[in-house]
Amino acid sequence: MVVFSVPAEVTVILLDIEGTTTPIAFVKVRENVKEYLQTHWEEEECQQDVNLLRKQAEEDAHVDGAIPIPAASGNGVDELQQIIQAVVDNVCWQMSLDRKTTALKQLQGHMWRAAFTAGHMKAEFFEDVVPAVRKWREDGMKVYIYSSGSVEAQKLLFGHSTEGNILELFDGHFDTKIGHKVESESYKKIANSIGCSTNNILFLTDITLEASAAEEAGVHVAVVVRPGNAGLTDDEKTSYSLITSFSELYLPSSA
Ligand SMILES: CSCCC(=O)C(=O)COP(=O)(O)O
Ligand SMILES: [Mg+2]
């Protein structure tokens, strides 16, 4: 069943990850935070992640419900466990608000790297995703990723999936180094970096604020509705083209 006819000028499909290719619950990896911190606490990289989270917590001090992360005073095991618990609570609080802070994404990226490389975890995609991407490529489309997750984390995800290493299906990756996903300038920079016009791009995302920023830049958009995603208002439902599966896209070039 076709619900979105892709305009003929589109040559690039730009994909969001969380809520679009991959279930939100998979990205959050909430259950493993404490165990990860306890195992990696002494490592330089983990300490850098905690320091960044502490700095973010200081910036968030005025935000309702924010969880502070105390600094260590060297007061033994009990204090260490209290700090670890504060980090866990802070991370869970950020995840509950689906925040995209560098501090949170950096820790998540490192947790993923540990889990993927140890073979403890494989990335999951909605079942229509990989067949559709293969088909789009056969039809001559270029396919890129634009996610709040770092490019390093994106490559881990697509490199260690239930479908194997599928990195070759993508022509490139963008993260918030190019700009935030809710800012229209980011989409102009992406078009520039790919070497196309913004109207050659179709962006698929679950977040209407991102869709709106992309549209403002002249990018075509469809909002992806998946199980587990945040609900849309009636207004959002009428303002955007909605799809529930990539198979609902019709490419004129595939006719
Ligand atoms: C490798 S991607 C990590 C996903 C992530 O942490 C995230 O917040 C994704 O958000 P988006 O919806 O921008 O893909
Ligand atoms: Mg998303």
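Any Cβ shown, glycine's included, is placed from N, Cα and C.
Less than 8 angstroms from the CB of Asp16 (Mg(2+) binding site) sit Ile145, Tyr146, Ser147, Lys181, Phe203, Leu204, Thr205, Asp206, Ile207, Glu210, Val224, each of them six or more residues away in the same chain. The Mg(2+) binding site annotation in TrEMBL covers Asp16, Glu18, Asp206.
Residue density at Lys181 (substrate binding site): 23 other Cβ atoms are found within 10 A of its Cβ, drawing on all protein chains shown. Annotation comment: TrEMBL describes Ser147, Ser148, Lys181 as substrate binding site.
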C-alpha spacing of Glu18 (Mg(2+) binding site) relative to Ser148 (substrate binding site), in angstrom: 9
Residues flanking the Mg(2+) site, with Cβ no more than 8 Å from the Cβ centroid of Asp16, Glu18, Asp206 and excluding those residues themselves: Ile17, Gly19, Thr20, Thr21, Thr22, Ile24, Ser147, Thr205, Ile207, Glu210, Val224, Asn229
Sparsest-packed among the binding-site residues, when each Cβ's other Cβ atoms within 10 Å are tallied, from Glu18, Asp206: Asp206
Assigned element (helix, strand, coil) containing Ser147 (substrate binding site), judged by DSSP: coil
Cβ within 8 Å of the mean position of the Cβ atoms of Ser147, Ser148, Lys181: remaining residues of the chain near substrate: Asp16, Ile17, Glu18, Lys100, Tyr146, Gly149, Asp175, Thr176, Glu210
